[in-house]
Amino acid sequence: MKAVHQLRTFEQLLAAYDGSMPLHRFLPGFFKKNRQMGSTDRRWASRYIYSYFRLGGMLTELNVAKRLAIADFLCHEDMSPVAAQQLPELAGLEQRPADEKLGALRHAGFNADETQVFPFGGLLSEAIDEAAFCKSMFVQPELYIRIRDEQVPQLLENAGQTFEQLSDHCLALPNGAKLETLLPEHSYYVQDLSSQHTAGFFQPEKYGKWWDACAASGGKSLLIHSLEPSIELVVSDIRENILDNLEERFAQAGIRKYQRKQLDLLQNNDQLLKHYAFDGIILDAPCSGSGTWGRTPELAQFFDKRKIAQFSYLQKSIAKNVVTYLKPGKPLIYITCSAFRAENEEVVEFMLDTLPLELERMELIDGYRRKADTMFAARLIGR
Ligand SMILES: C[S@@+](CC[C@H](N)C(=O)[O-])C[C@H]1O[C@@H](n2cnc3c(N)ncnc32)[C@H](O)[C@@H]1O
């Protein structure tokens, strides 16, 4: 009975969701409109819809109930009411690793081919292990923080909060950890492990002048400033309002030596930038975000493949415009949170072929192996 009720609620939710906004923004509104749903119903509905989208393009020939049951079985270590009802033959296997679960599904007669999970398989960056990447979609990435206050680990321990310390500054926590109730407000930044890893590409020199060209709310600027506080920053973005967030975060971090500019990097900005020459440029480019779909699996389902070429074009055009302001011998750091070759290696190839740049190194940051986002970073040196 429980399973039948849950399935009906899930089907309503699935029918109401059209992919126009991420689930975490859609769900509160849906629950508000469906006040008859109690907190247990809501919890199950949220779990089911995330599980369902994590299955991606796999087993699309099955009906919704079977797909949901299989998805939830693959994504969780306990047997949900729907999984128990639809897949009684698999009871007892819920805590096995993903490979074994997939094997058990095949044994039960399902065409459980994990490479179908990610519907854009052939388009991934070369260094990505496609099967491992697809299987990572079954697992929700962890919550990562970069700590500003050395007391943070002790405070978490005192509060009985589980966490893993991955380096002096990086902690991994289970998702849903209520950090705001456990830690002082400005004692940490929420920043993914792979994003923190890009710090290794910056290598800023003392008193250098850096441009964070797509700064948004300043994640990378704060990171580079923590490495070398003497640098002078110019920060820009096409969105004026996001730079207001940046200002607040800079004030909090005590960063005062910076200039803020609203710039559309597809335009000629020479009027505003003609006297500028930088010792380093961070180009954290607008991209598909496909490396973060482990957190938002629903976006993968509604993504139009044609957008990849549009992003690639945008990235190449922006790279061409910013490189003009780089001093010879100095680095341009190209970053995306994409898993697609066309937004990563192909953009680097374009830069090497057409711009005065040489490649020092590039890396596909394989967050998919560590419950984190997948990103790409390249360090190119101006000629
Ligand atoms: C990946 S986000 C940057 C994230 C940021 N660096 C951080 O670490 O939090 C890319 C940014 O590029 C900006 N953007 C998109 N198109 C742009 C354009 N034509 N010119 C300048 N910025 C643009 C977006 O507004 C977005 O904030």
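Note: Cβ is positioned from N, Cα and C throughout, glycine not excepted.
Annotation comment: TrEMBL describes 120-383 as domain 'SAM-dependent MTase RsmB/NOP-type'. Annotation comment: TrEMBL describes D237, D264, D284 as S-adenosyl-L-methionine binding site. Per TrEMBL, active site, nucleophile is recorded for C337.
Features as recorded by TrEMBL, highlighted on the structure.
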{"residue": "D237", "record": "S-adenosyl-L-methionine binding site", "DSSP (3 states)": "strand"}
{"residue": "D264", "record": "S-adenosyl-L-methionine binding site", "DSSP (3 states)": "coil"}
{"residue": "D284", "record": "S-adenosyl-L-methionine binding site", "DSSP (3 states)": "strand"}
{"residue": "C337", "record": "active site, nucleophile", "DSSP (3 states)": "coil"}
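Here S-adenosyl-L-methionine is bound by D237, D264, D284 per the record. The longest Cα to Cα distance in that group is 14 Å. With the fewest other C-beta atoms within 10 Å around its C-beta, D264 stands out among the binding-site residues D237, D264, D284. D284 (S-adenosyl-L-methionine binding site) is 9 Å away from the residue listed as 'active site, nucleophile' when you measure Cα to Cα. There are 24 other CB atoms within 10 A of the CB of the residue listed as 'active site, nucleophile', with all protein chains counted. Residues A213, C214, A215, A216, S236, I238, R239, L263, L265, P286, I318 surround the recorded S-adenosyl-L-methionine site, their Cβ atoms falling within 8 Å of the Cβ centroid of D237, D264, D284, which are themselves excluded. Across the domain 'SAM-dependent MTase RsmB/NOP-type' (120-383), the prediction's mean pLDDT works out to 97.
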